[in-house]
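Below is one structure, written out as structure tokens; the observations come after it.
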Amino acid sequence: MRAKKVVLAYSGGVDTSVCIPYLKHEWGVEQVVALAADLGQGEDLEAVRQKALASGADQAIVQDAREDFVYDYAFAALQANALYEGRYPLATALARPLIARILVKCAQAVGADAVAHGCTGKGNDQVRFDVSIGALDPKLKVLAPAREWGMSREETIAYGERYGIPAPVKKKSPYSIDFNLLGRSVECGVLEDPWAEPPEEVYAMTKCVADTPDQPTYIELEFERGVPVALNGASLGGVKLVGELNRLAGENGVGRIDMVENRLVGIKSREIYECPAGVVLVLAHQALEALTLPREVTAYKRGVEDTYAQLVYNGLWYSPLRGALDGFIDFTQQRASGVVRVRLHKGTATVVGRKSPYSLYDVELATYSEGDSFDHKAAEGFIYVWGLPTRIYAQVRK
């Protein structure tokens with residue numbers, strides 16, 4: 001027996017559904033509590049809960065975690081402009097430490113001696129769950145049936161069918177999909193060929209560019225200390241703001257990402273992401289920082305952002321390093337307040353305006369027209385001192 005009572009991170013998909021009978025029949029677990037987190041994935045979570053019970057769970061719980069997800073994870077990463085390998089807004093990676101936190105709290109509440117997840121041995125999520133759970137409760141046992149059972153996807157589906165679990169995917173195109181409020185990721189099937197163009201059927205949040213409006217859509221995003229608080233002048237809570245921005249950007253074909261990325265486990269993986277709100281928010285936030293942060297801070301922050309994104313992707317959300325980086329990021333956001341105007345059109349998002357009460361932009365210094373207050377005479381002395389090391393080096397070389 002691996003454990004008596006287990007809390008399982010449950011999604012309603014093939015792997016987590018099969019985990020329920022597998023834990024009971026193969027590993028002798030006496031009680032399985034299926035826990036589904038509502039992260040804005042748009043599913044009928046009551047149906048997911050009922051499916052868990054039908055699959056053999058002794059108890060099935062749905063927890064609304066949308067507010068926590070947006071404010072504690074998504075917006076924290078936004079302040080860091082966190083994009084993995086410069087492109088991916090980390091929608092899935094950000095959800096895992098939150099789910100781990102919910103799992104641990106539930107396990108402690110119901111007296112479980114272990115938690116479980118349905119991650120395979122190839123993916124990043126196994127690392128994110130195991131490391132996060134270990135950081136939150138080092139004594140809690142973590143079970144990963146899909147990492148050990150050695151079944152192919154077809155065999156996993158067949159195993160589930162033995163226990164009355166229907167397969168929710170077509171065997172001819174078995175896409176693996178993860179979806180939450182911040183975005184959607186798709187892999188498997190024809191997408192495993194990096195040369196193959198993704199069929200339109202893999203997309204759900206964004207329109208094909210050919211079907212988008214001919215006229216651009218303009219939006220205004222207001223930020224306070226790096227956190228979005230209003231869209232087009234309307235103050236909105238984080239969940240509603242992200243949802244509405246997903247709709248507006250998605251209708252204009254914004255947010256599609258097709259990339260071959262480097263997984264933590266050492267392999268390359270072709271991933272299709274849809275992150276309409278995530279892409280636009282990072283773009284707008286970067287534009288606001290360009291207006292309000294000094295040059296040296298902006299330059300240094302880029303390195304912090306890359307490290308931050310790697311930490312999140314690699315499952316180190318609860319690491320001391322991320323906590324230390326948060327201190328720096330929090331300082332940079334003290335004056336990251338203002339409004340950014342973005343044009344959405346035919347698959348592109350373009351910043352076309354920005355303003356802030358803390359703007360470091362001085363039009364009288366920047367203008368080439370009448371009213372120029374820049375001291376042009378000072379430039380000669382500045383250039384002499386600035387270029388002095390280069391001239392000395394050139395003299396020595398001679």
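Note that Cβ sites are derived from N, Cα and C of the backbone, with glycine treated the same way.
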Listed in Swiss-Prot for the L-citrulline site shared with Y88, N124, R128, S176, S185, Y273, one of E161, E197, E261: E261
Which of A37, A109, A112, A135 belongs with A9, Y10, S11, G12, G13, V14, D15, T16, S17, G118 in the ATP site listed by Swiss-Prot: A37
Neighbours of T120, N124, D125 excl. site residues, C-beta within 8 Å of centre, L-aspartate: C119, K122, G123, Q126, V127, R128
For G118 (ATP binding site), the three-state class that DSSP assigns: coil
Fewest other Cβ within 10 angstroms of its own Cβ, chosen from the binding-site residues G13, G118: G13
Among N124, R128, E261, Y273, which are recorded as binding-site residues, the nearest neighbour of A9 (ATP binding site) by Cα: R128
Cβ-based isolation winner (fewest other Cβ atoms within 10 Å) among the binding-site residues Y88, Y273: Y88
